[in-house]
Amino acid sequence: MSHCIVIDRRNAIMLIWIFVLSGIRQSYTEEKASGVAPSNNEVAPYVIRNFNETSQQLSQCQNTANLNCSELLFPCIRCLYNYTCNYGQELYVNCSALHQVECQGSRWFWHQMNCRYCYQTEKWQQKCDQKGNCNSVNGQFYKTNCTVRSDVFCLGNRSFTRNIKCNWTQGYRWSTAVIISLTLGGFGADRFYLGHWQEGIGKLFSFGGLGVWTIIDVVLISLHYLGPADGSLYI
């Protein structure tokens, strides 16, 4: 005696939806791995929500209600990256607006990027915390925190540490130092201006080293060899 399997209408509909969603997800995964953008009417099957965003970061995404979602930048979006891509390869990544962010149009969109980690991006694509009180004249390096610009798409952490060359200024002008050295250098005014107080006092009471010290300082300042005492650069 044969047995018949009876499937009601509700179960049949559920089975059909499972097959459809499975097919969409498999197709999306293959396209993401290949780095090829789909047509504009395709929609990603799921949304990844990130709960690690700080309130300070999300405050940058408050006035986005009138923008298209595809115009949003970090930290208002999250992207699905292909970490197996070849370095330097041009590919597309699928991005979505965070669920806390309001925007117009489809919340999923594609962006073109170059396959590289964030710390491998160009220096002009990074914003680093500048450090003072280091020696710019001697080319000293120091470690600081850097963050990739919001319009740059890259792999890995968007914030990292790196060594950068000391390059800061306290407002000393090279042209001003040269003029002071030429006119009042015999009284040590150029040394006082640059913060070399001890040398300035010695130069003052020696009448510019009888003129020899004055000429030497004019040459040193003109060649940028003599700079501010705090190690900063001229502007």
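Placed from the backbone N, Cα and C atoms, the Cβ positions cover glycine too.
Annotations in TrEMBL come from automatic prediction, not curation.
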Quick check on the annotations: TrEMBL lists transmembrane segment for one of 67-87, 172-192. Which range is it?
172-192
Tell me the residue counts in helix, strand and coil for the domain 'TM2' (171-219), as DSSP assigns them.
41 helix, 0 strand, 8 coil
Determine the mean pLDDT over the domain 'TM2' (171-219), rounding to the nearest whole number.
89
